[in-house]
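These notes are about the structure you will find just below.
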Amino acid sequence: MSVQEYLDKHMLSRKIEDAVNAAVRAKTADPVLFISNHMRKAVPSAITKIKARQILDSRGIPTVEVDLYTNKGMFRASTPSGAPSGMYGAIELRDGDKATYLGNGVSKAVKNINEKISEAIVGMDPILQNQIDQAMIDLDKTEKKGELGANAILAVSIAACRAGAAEKEVPLYKHIADLSGGGNHVLPVPAFTLISGGKHAGNNLAIREIMILPVGAQTFEEAMQMGSETYHHLKAVVAEKYGPHGCNVVEDGGLAPDITSFREGLDLVMEAITRTGYTNKLKIAIDVAATDFCIGSKYDLDFKSPKKSGQNFKSGEEMIEIYKELCKDYPIVSIEDPFDKEDWEQVKHFSGLGICQVVGDGLLMSNPKRIERAIQENACDALLLKVNQLGTVTEAIEVVKMAKDAKWGVVISQRSGETDDSFLADLSVGLATGQIKAGAPCRGERLAKYNQLIRIEEEIGDQASYVGEKWRHS
């Protein structure tokens, strides 16, 4: 084939002429670069290839990673993982072969991407997020994505979202904001984990997390400084009282000294806050994860102490009194899962007191039906969003809208098994959630999210707005 025949076959002469004319009109100082960019924009926007693989998350447990290709390049995403979400959350597809990764392998999910999902969405425009997500949902045909696996679907959904942003030549958070119909790009208040307990730690503390919220910071970067300094002061406090072994770090980066009571942990955090000098700028949040120690209608605060277990049972009414006293004695502004996930009456009663933000995690499981019920019954006033409990970016956008329409707060949340994927940071800014819970200011997979928020704030520049004192309703 001659050069002229090749040009004619692909209609290149006309395209090149159009690019040159555009460069002339623009009076560009670098015509080669201008023409190159102009030609690139002329290439159809389409997904050209998808390749999935099995990688390990921060716990050393397999998860799914996807490379999605378009004419603009390659876009990578990986799926976080946590404890099974039971009957209400989307299903992570695991291999179940105990001889390989103790049954936790994800080769089936990887195969589903490489063979089934790839065939369904290659050729689609990555800008059309809703259509891509719906194509995968239709292909799966189950309510909880149990056929293809929510871990498979979500990895592709996030990768496609990144590709869509690249096609539009906008930052990821801006693309997400466009998808949601929003416009405000606010930096969220981070909920830094300081002390870990519950099933996440080997100490005797019943509740899962004690966190700080730097609501008094003026910028996200300042909030990071406050979180880091408080974390390191806490390490010193813990080392003084419990020895160096008390500074052991657990899955989400929190410290796990051998403490047994709510107040013991809160007093340690308050001492650390005092040492930083940020007393009036930091508030406290706790994740009780009460389902972990609910037995029948009672709550066993010594469930982790074999010799004591069963001796410190509290009724729902007694737990409410405990929370009321704690909120009076400490600057607690948010309590997550204060009761069992099916204890609707107690959580409604407590939420109705208006003492603090009441966050639904196990209560809601990010499930639209559970969220709708909680809205109708005034069971809580904030959603903890775990994207992998839904399975697609589109569904995450939809439940955040539900929560915001109900005047709820929204907390974008990590999982215990994380990767270095920073998508949650862009999601929190794009959806203007006002709150993000990504663990301690420690461990790379946690800091991947926080550091991305620093970059986003820098990129937005003078227009950047840190939500600060308005963290509840950004």
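In case you wondered, yes, glycine gets a Cβ from its N, Cα and C as well.
Predicted, not measured: the structure shown is a model, and the values here were computed from it.
For Asp252, the entry in TrEMBL reads active site, proton donor. Here Asp252 (active site, proton donor) comes close to Thr193, Ser196, His200, Glu209, Gln414, Ser416, Gly439, Ala440, Arg443, Arg446: these same-chain residues lie at least six apart in sequence, with C-beta atoms under 8 angstroms from its C-beta.
Of all Cβ atoms in the shown protein chains, 24 besides its own fall within 10 Å of the Cβ of Lys386 (active site, proton acceptor). Here TrEMBL flags Lys386 as active site, proton acceptor.
Of all Cβ atoms in the shown protein chains, 26 besides its own fall within 10 Å of the Cβ of Ser413 (substrate binding site). TrEMBL lists His200, Glu209, Glu336, Asp361, Ser413, Gln414, Arg415, Ser416, Lys437 with the feature substrate binding site.
For Asp287, Glu336, Asp361, the entry in TrEMBL reads Mg(2+) binding site. Other C-beta atoms found within 10 angstroms of the C-beta of Glu336 (substrate binding site) number 28, with every protein chain shown included.
The feature domain 'Enolase N-terminal' is assigned by TrEMBL to 47-176. For the domain 'Enolase N-terminal' (47-176), the model gives a mean pLDDT of 95.
Per TrEMBL, domain 'Enolase C-terminal TIM barrel' is recorded for 184-474.
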Same-chain residues at least 6 apart in sequence whose Cβ lies under 8 Å from Lys437 (substrate binding site):
Pro190, Ala191, Thr193, Met211, Leu384, Val411, Ile412, Ser413, Gln414
Between any two of His200, Glu209, Glu336, Asp361, Ser413, Gln414, Arg415, Ser416, Lys437, the residues recorded as binding substrate, what is the biggest Cα to Cα distance in Å?
16
Write down the Cα-Cα distance for Asp287 (Mg(2+) binding site) and Glu336 (substrate binding site), rounded and given in Å.
4
Env. residues of Mg(2+) site, Cβ within 8 Å of mean position of Asp287, Glu336, Asp361 Cβ:
Arg208, Glu209, Val288, Ala289, Ile335, Asp337, Val359, Gly362, Leu384
What is the Cβ neighbour count of Asp287 (Mg(2+) binding site) at a 10 Å cut-off, with all protein chains included?
26
List of residues, in chain order, with Cβ under 8 A from that of Asp361 (Mg(2+) binding site) and at least 6 apart:
Asp287, Ala289, Glu336, Asp337, Leu384, Lys386, Ser413
Counting other CB atoms within 10 A of each CB, which of the binding-site residues His200, Arg415 comes out lowest?
His200
Remaining residues near the recorded substrate site, that is with C-beta within 8 Å of the centroid of the site residues His200, Glu209, Glu336, Asp361, Ser413, Gln414, Arg415, Ser416, Lys437:
Gly82, Thr193, Arg208, Asp252, Asp287, Leu384, Lys386, Gly439
